[in-house]
Amino acid sequence: MRQATVYIDSTALQYNLNRVKQLAPNSKIVSMVKANAYGHGIKDCLNALEATDAFGVACLEEALEIRRLGYLQPITLIEGVFSADEMTQVIQHQLECVVHHTQQVEWLLAHKDQYQALDLKVWVKLNSGMNRLGFKIPEIINVIQRLKAEGFSCVLTMHFANADTDHPLNEQQKMQFLQVKQACEPILTSCCNSAAIYRYPELHFDFVRPGIMLYGASPFADKNVEALDLKPVMTFSAEIIALNQIQQGEYVGYGSTYVATQDMTIAIVSIGYGDGYPRAYIKPNFVAIHDQLIPVIGRVSMDMIAIDISNLNAEIGTKVELWGNTRLVDDVAEANGTIGYELLCRLSQRPQRRLN
Ligand SMILES: Cc1ncc(COP(=O)(O)O)c(C=O)c1O
């Protein structure tokens with residue numbers, strides 16, 4: 001059987017959740033499990049995240065899957081509902097909505113009594129400069145005042161555009177958030193994703209919303225997971241399926257982009273972009289074998305890659321780590337001009353999945 005396997009380490013996931021608890025001991029944790037738990041597989045991750053206070057998802061379908069699997073924790077729909085008729089399911093499955101435009105407020109008000117009877121909070125989104133979702137100042141203050149007057153329990157929420165860097169917009173976003181918070185007291189508040197959990201302990205407030213850090217990848221370009229004391233949850237591996245001795249001047253792979261500079265031994269590995277392994281290759285990329293980094297050479301095909309094993313003893317069947325504890329997903333992402341988030345989320349259905 002072709003070996004292209006995603007291993008999920010539930011102990012690592014629990015370790016990372018504990019790291020959130022250590023960093024934000026006074027906040028409730030809304031674990032972001034959207035996009036199939038960042039590509040890790042929702043079922044296994046929910047089980048490992050049992051100690052979380054709540055879950056965050058991008059849409060109703062993702063929330064319903066969590067309920068179908070039997071989890072009763074609060075769930076926040078971080079983009080709210082997409083149409084009035086979704087409110088029926090929101091009530092039926094006890095989901096908490098973000099509201100970021102006025103129609104959503106009207107849809108919510110139409111279900112006011114049922115929503116409030118279930119003790120569900122409404123998350124009101126501030127657009128503090130990212131210009132993705134949310135109400136700007138001063139409109140948000142009117143929205144919150146109206147919802148409060150109607151008897152809703154509100155959470156003021158926003159999202160940083162640059163929590164991973166020192167961008168000047170951070171200060172504006174922070175000041176606007178604090179301004180609205182002050183104008184609407186008493187109110188629950190939430191503004192920290194993974195990067196902000198590390199950078200802004202003073203902004204942890206009532207709920208933190210970690211995503212990438214739970215999965216043991218780094219939200220920062222300049223800090224790896226070891227420095228952040230996180231453990232990679234996913235190991236993506238494949239195995240050697242062929243060995244080739246090639247001579248100086250011979251080509252490897254599609255487009256013949258790689259030319260051997262000397263006689264060498266190369267191995268073909270059962271992984272390709274059809275599995276979700278990236279093909280961009282903007283910088284030298286590596287896999288790991290027995291904790292040693294091995295160069296990827298030539299183009300990534302749909303089902304295979306070539307690696308240079310001239311300095312290593314390997315054979316057909318030798319296991320190759322594409323990313324995991326030795327070759328970090330963030331480093332593979334960097335070599336391919338993307339971010340760990342994307343590589344994790346865009347794995348295809350083809351690799352087998354195993355729980356460690
Ligand atoms: C509203 C919101 N909160 C929290 C997160 C989690 O972010 P991260 O994975 O960077 O921790 C996201 C992710 O996109 C988000 O959209």
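Counting begins at 1 with the first residue displayed.
Quick reminder: no glycine exception, Cβ is built from N, Cα and C everywhere.
What TrEMBL says about this protein:
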type	residues	note
ACT_SITE	LYS34	active site, proton acceptor
ACT_SITE	TYR254	active site, proton acceptor
BINDING	ARG132, MET302	substrate binding site
DOMAIN	233-356	domain 'Alanine racemase C-terminal'
MOD_RES	LYS34	N6-(pyridoxal phosphate)lysine
Distance [Cα-Cα, Å, rounded] between TYR254 (active site, proton acceptor) and LYS34 (active site, proton acceptor): 36
For the domain 'Alanine racemase C-terminal' (233-356), the mean pLDDT of the predicted model: 97
Integer Å distance between the CA atoms belonging to LYS34 (active site, proton acceptor) and MET302 (substrate binding site): 27
Distance, LYS34 (active site, proton acceptor) to ARG132 (substrate binding site) (CA atoms, angstrom): 18
All-chain count of other Cβ atoms within 10 Å of TYR254 (active site, proton acceptor): 13
Which listed residue (LYS34, ARG132) has most other Cβ within 10 Å, given these are recorded positions: LYS34
Residue counts (helix, strand, coil, in that order) that DSSP gives for the domain 'Alanine racemase C-terminal' (233-356): 16 helix, 46 strand, 62 coil
Cβ-Cβ neighbours of MET302 (substrate binding site) (radius 10 Å): 11
